[in-house]
Amino acid sequence: MVVNNKVDSLSYDVEAPPATPAGGSVEAPPATPAVVSAPPTPRGEAAMVMMTPPVAAAGSVGVEVHKVSAPERRSTAKALRQRLAEVFFPDDPLHQFKNQSFARRLVLALQYFFPIFQWGSAYDLRLLRSDVISGLTIASLAIPQGISYAKLANLPPIIGLYSSFVPPLIYSLLGSSRDLAVGPVSIASLVMGSMLRQAVSPDQEPILYLQLAFTSTFFAGVFQASLGFLRLGFIVDFLSKATLTGFMGGAAIIVSLQQLKGLLGIVHFTSQMGFIQVMHSVIKHRDEWAWQTIVMGLAFLLVLLATRHISSRNPKLFWVSAAAPLTSVIISTIISFVCKAHGISIIGNLPKGLNPPSVNMLTFSGSYVGLAINTGIMTGILSLTEGIAVGRTFASINNYQVDGNKEMMAIGVMNMAGSCASCYVTTGSFSRSAVNYSAGCKTAVSNIVMAAAVLVTLLFLMPLFHYTPNVILSAIIITAVIGLIDFQGAAKLWKVDKLDFLACMAAFFGVLLVSVQMGLAIAVGISLFKILLQVTRPNMVIKGVIPGTQSYRSMVQYREAMRVPSFLVVGVESAIYFANSMYLVERIVRFLREEEERALKSNQCPVRCIILDMSAVAAIDTSGLDALAELNRVLDKRNVELVLANPVGSVTERLYNSVVGKTFGSDRVFFSVAEAVAAAPHKAQP
């Protein structure tokens with residue numbers, strides 16, 4: 001993209017620089033004559049603009065030198081308080097309580113912790129009508145998905161319905177999103193099932209497995225609520241969009257492959273999650289394939305995929321894909337009942353009634369507590385990431401704000417309460433939330449309506465699911481997770497950032513070829529590695545003056561930028577910390593060596609002064625200050641002066657409060673690069 005930018009009556013093009021290695025530095029190309037287009041001139045006048053010599057352009061004539069001032073001095077307690085407020089309370093949540101009466105503060109506090117009291121006072125029948133329609137619509141999707149996802153987590157199908165009843169009620173009281181539809185989700189179900197199954201068999205020890213599932217859900221809720229209460233939600237951001245794209249895509253394929261058991265009617269199936277192990281099990285047990293199951297499964301899978309395609313092509317027909325799963329369950333159940341389930345595996349008996357309490361099943365001692373904690377943290381991170389991302393997506397569409405920390409507390413409390421009511425980990429589902437939004441939901445009452453529909457099902461309709469084929473649940477799961485494979489997102493990553501694409505592929509193949517846990521570990525590890533790479537190897541550029549201006553820009557990005565004789569202007573585009581301070585020294589010394597070699601070959605003036613442009617240095621620590629002092633000593637031995645230009649307030653404050661500041665003095669710290677060039681005594685000296 002090219003953007004036209006007018007500076008001092010001359011027109012320049014702001015262009016993207018050539019691709020460079022992520023986190024690395026760039027070397028300025030040799031100086032070439034700059035061509036500048038002049039503005040339109042009247043007929044008969046010369047259209048040529050005389051170029052100003054680089055030194056003059058920098059402002060050697062008529063440039064007023066300003067003093068670089070440090071910010072107002074603050075006490076240690078005040079500085080610490082302001083810093084902590086910026087870290088943990090960037091949104092200033094207590095602002096609304098200022099200058100309010102005690103009674104008003106109580107009302108605001110009630111509305112803050114229970115958002116339903118904020119929008120509930122303005123609720124009317126028009127909103128109720130929209131919420132009832134959307135609630136019933138997502139219920140038709142949530143009931144079959146709840147049963148399916150419970151089986152994905154190796155839990156009894158009824159647990160999925162329990163998890164679609166209590167958590168939505170709690171979220172409607174505590175959640176701040178109007179569009180989020182709460183319930184079990186595929187990825188968290190898969191991770192919980194795979195992690196717990198490695199230690200405990202759900203077939204041989206079903207009670208112990210159920211205890212661990214509820215305990216893991218409790219720990220997931222504690223972890224989520226703690227992040228929100230302590231305002232540590234930024235920890236979740238360590239899962240970058242690129243790694244999540246790869247992880248979700250790999251997990252979606254693994255989930256789909258696991259459904260081959262139900263789709264083919266295989267009885268003896270591997271408990272492993274890897275692609276190779278699953279395919280080996282499918283081929284090994286091909287004698288167990290049931291043609292009745294395969295025909296029914298493929299037929300309904302094609303119907304579900306077709307309805308999904310119709311709704312995606314025409315958003316007004318969203319109800320087609322929303323109603324398709326429940327319709328498929330009803331039709332397949334009727335077929336199975338008529339055929340007496342000959343050759344087709346069915347769900348069987350499902351107990352009627354409300355969620356039974358499960359507090360007595362939570363276990364906080366024994367050899368499996370560590371497994372429950374690890375599983376809870378893993379599923380908690382994934383469900384938080386998905387729920388908050390979905391909530392923010394629809395909030396931006398509808399132009400309202402979602403408080404991330406309040407969402408974490410709402411989801412955490414929801415899971416803690418759910419673990420005591422026979423529910424496993426739940427969060428906001430993208431597929432159900434998309435249907436909820438398309439159906440015209442206005443508030444969180446749609447979750448209450450959905451829970452009411454699930455309640456009716458639990459009380460009166462459970463016997464109707466007796467003949468529901470397991471194969472239809474597999475088809476529903478495949479249809480739901482196939483949308484998690486984001487081919488376009490991966491293609492964009494390749495086009496924009498190759499390192500992000502590499503992270504995406506590493507997470508994808510880690511999940512696909514090793515395990516879900518390893519894929520998640522790879523995703524987090526690559527995200528942290530990218531951060532460390534950017535911190536330890538900050539981008540640094542050589543800058544030149546734009547002819548006719550006093551602006552200094554990267555010579556790689558701006559071809560017309562010109563060097564100033566005797567000067568080397570280096571821009572640091574990162575904070576200077578202990579992790580990158582020595583790299584800063586080494587890279588600047590290398591810049592100096594390369595510049596001296598270039599000047600020697602072209603018979604130009606050697607470098608007498610290095611100007612460090614610190615306008616992009618947001619912070620500096622004591623190691624960074626020591627690095628500046630070390631760099632100054634190294635350059636002094638080479639008869640080269642080091643000056644600083646345009647340091648920001650926090651950097652200036654630490655500089656002046658340290659011994660390093662005294663070393664530089666106020667005569668070597670300048671307001672801008674142009675003033676540093678104008679004030680230096682090295683101009684045009686051979």
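Backbone N, Cα and C define each Cβ position, glycine as well.
Remember, TrEMBL labels are computer predictions, not curated facts.
According to TrEMBL, the feature region 'Disordered' maps to 13-36.
Sequence annotations record features per position, and here TrEMBL assigns transmembrane segment to 208-232 (among others).
For the transmembrane segment (289-306), the residues of the chain that approach it from at least six positions outside its boundaries are 262-266, 321, 324-325, 328, 331-332, 335, 339, 342-345, 469, 471-472, 474-476, 478-479, 482, judged by C-beta separation under 8 angstroms. Residues annotated as transmembrane segment in TrEMBL: 289-306 (among others).
Residues or ranges marked as transmembrane segment by TrEMBL: 318-338 (among others).
Per TrEMBL, transmembrane segment is recorded for 358-384 (among others). Residues 185, 187-188, 191-192, 195-196, 199-200, 208, 210-212, 214-224, 227, 236, 239, 408, 411-412, 415, 419-422, 425-427, 517, 520 of the same chain, all 6+ positions outside the transmembrane segment (358-384), place their C-beta atoms under 8 angstroms from a C-beta of that stretch.
Cβ atoms under 8 Å from those of the transmembrane segment (444-465) belong to residues 115-116, 123, 127-128, 131-132, 134-136, 138-139, 142-143, 146-147, 157-158, 161-162, 164-166, 168-169, 171-172, 175, 177-178, 180-182, 329, 333, 347, 350-355, 436 of the same chain, restricted to positions at least 6 beyond its ends. The transmembrane segment annotation in TrEMBL covers 444-465 (among others).
Under the heading transmembrane segment, TrEMBL lists 471-489 (among others).
Marked as transmembrane segment by TrEMBL: 501-529 (among others).
Sequence annotations record features per position, and here TrEMBL assigns domain 'STAS' to 557-680.
Look at TrEMBL and you will find 564-585 (among others) tagged as transmembrane segment. Counting same-chain residues at least six beyond the ends of the transmembrane segment (564-585), those with a Cβ under 8 angstroms from any Cβ of the stretch are 54-55, 58, 532, 534-545, 552, 554, 591-592, 595, 604-624, 626-628, 630-631, 634, 673, 677, 680, 682-685.
Scored on C-beta pairs under 8 angstroms, the neighbour of the transmembrane segment (471-489) with the top count among 208-232, 318-338, 501-529 is 318-338. Secondary structure counts, DSSP: the domain 'STAS' (557-680) has 61 helix, 21 strand, 42 coil.
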